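Taken verbatim from TrEMBL:
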ACT_SITE  Asp99  active site, proton acceptor
ACT_SITE  Asp273  active site, nucleophile
BINDING   Cys311, Cys313, Cys316, His341  Zn(2+) binding site
REGION    397-427  region 'Disordered'
COMPBIAS  397-416  compositional bias 'Basic and acidic residues'
Amino acid sequence: MSPRSIPPLTYKVVAECSVTKARAGLMTLRHSEVNTPVFMPVGTQGTLKGILPDQLIELNCQILLGNTYHLGLRPGIETLKLAGGLHKFMGWPRAILTDSGGFQMVSLLQLAEIDEHGVNFRSPFDNSQCMLTPEHSIQIQNAIGADIMMQLDDVVKTTTTGPRVEEAMERTIRWVDRCIEAHARDDDQSLFPIVQGGLEVPLRQRCVSALMERQVRGFAVGGLSGGESKHDFWRMVDVCTGYLPRDKPRYLMGVGFAADLVVCVALGIDMFDCVFPTRTARFGCALVDSGQLNLKQPKYKMDMEPIDKDCDCSTCKRYTRSYLHHIATNESVSCSLLSIHNVAYQLRLMRIMREAIQKDEFPHFVREFMKRHFQSDPIPAWIREALAAVNIQLPADQEKKDELEEAPKAERKQEPTKSMTQPAATS
Ligand SMILES: [Zn+2]
C-alpha cells in the first residue's frame, strides 16, 4: 500500500525513562503501527490457538508472530505464495513477525545437525532428509511476507559452554550476510539479525558490534531464556542493550513471564514474544498481577468474581471464575476464553508500562508491580540486582508495605540519572 520510497520499518523513540533504560517507541510497519514496548502473541500455524483475528484486533493487538519452521513445512511456500502471503491466508491485516525456523528445529528435533551450510533435519511428516539454509529460511519468510523477519542463526543450548559458543556466534554473523544477500523483498520486509554469544560478555559485545556494521533496521537478542540462571539472563540482556544503538528496536526472543517483561523493559528491551500466555490458558490458568489463577482448583467453584475486575477483556466482562472453573479444560471454549484474557493481560501490562514511561513514572510502576506480583513470596535476588543496575532499589521484603507508598519522585532526587548509558554488567 505504502509508497515504495518509505522504508518498511521506521522506529522513533517517543519517551525515555529518566532513571532506567526503559523507552517507549513507535514502530511503523507496512501493515500497522506498533507501540513499544510490545508483546507479540505467537500464532504458530498461522492461527493463535483459541483466538480469531477479529478478537485480537478488539484487544488492540498490533503485531503477532508466526513460526517459519511450521509454515514452511505446512502449508509450504507454494500455497503461501498462491494465497498472497500469510496476512491474507490467515485473515490478519496487521503486522506479523516471523522467526527463522532454526530455533524450532533445534529444540523440537533431536536429529538436527548444524554445519556451515545450514541445519540438517528429518521431516517429522515423511521422515525425509531436509536442510534449512540461511537462503532457504529467507525464501520461506519472503513467501510468508511478514513485516519483520529473522535471520537463520546457529542455535546452541543456553547452557552450552566452551568453543562451540564462539563458533555459533561467528557463524551467526556469517549467516546474516547470506540472509541479507538472499533477501528478495527488502522494500517490504525488514530483516533482523540475532545477537548470539551465550553467557559470555566479550562474545555478546563482539556479536553486537559486528551486526551493527550491517544495514539492518532492528536487532534481536537470542540464545537466552533457555535454562540459564536468571542472574546470567539479566546480565546478558543488560550487556546487549548497553551496546545496541538507541535508534533501532530491540527484540528479546522467547520471553513472556510478567516479571521478566517488567525487568527487561527496564533494561531497555522493546519487543517480546512467548507461547506462555496461550499455553498456560490450555491448562486452565489465568494471568493476574499476583501470578496465575489455576481455575481448575475447587476454591473457584463458588467464586462469582471475574478473573480480574480491572481487566476489560470480553471474558472478564461476561464470565465469573465459577463459570470458568466449571468449563476449564473440559470444554474447548475455555481455552479460547482464557487465551483471550491472557493475551489481554500481556497487552495491558505493556500498555501500562508504556504509559508509565511516557509520564516518567516507570520506577514507581515497577515497585508497585513487584509488590503485587510477590505478595506472598520474597522478591527474587536476581530481580533486585537487575533493577538496582538500572537505579531502582526495591525495599527489603519486610519493609515492603511501609515504604512503597512513598512515591516515585523521591528516589529520583536521591539518585540523579547515573549510568543510563553505561552497561552495568561490565562492572
Ligand atoms: Zn480479562
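Here the Cβ of each residue, glycine as well, is placed from N, Cα and C on the backbone.
Here the features listed in TrEMBL are placed on the structure.
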residue: Asp99; record: active site, proton acceptor; Cβ neighbours (10 Å): 29
residue: Asp273; record: active site, nucleophile; Cβ neighbours (10 Å): 22
residue: Cys311; record: Zn(2+) binding site; Cβ neighbours (10 Å): 18
residue: Cys313; record: Zn(2+) binding site; Cβ neighbours (10 Å): 22
residue: Cys316; record: Zn(2+) binding site; Cβ neighbours (10 Å): 23
residue: His341; record: Zn(2+) binding site; Cβ neighbours (10 Å): 27
Asp99 (active site, proton acceptor) and Cys316 (Zn(2+) binding site), distance between Cα atoms, whole Å: 32
Asp273 (active site, nucleophile) and Cys311 (Zn(2+) binding site), Cα-Cα, nearest whole angstrom: 21
Among Asp273, Cys311, Cys313, His341, the recorded positions whose C-beta sits under 6 Å from ligand 1: Cys311, Cys313, His341
Between Asp273 (active site, nucleophile) and the residue listed as 'active site, proton acceptor': CA-CA distance (Å): 10
Alpha-carbon spacing, the residue listed as 'active site, nucleophile' to His341 (Zn(2+) binding site), which is rounded to whole Å: 16
DSSP three-state assignment for Asp273 (active site, nucleophile): strand
Other same-chain residues whose Cβ falls within 8 Å of the Cβ centroid of Cys311, Cys313, Cys316, His341, the recorded Zn(2+) site, in sequence order: Pro306, Ile307, Asp308, Asp312, Ser314, Thr315, Lys317, Ile340, Ala344, Tyr345
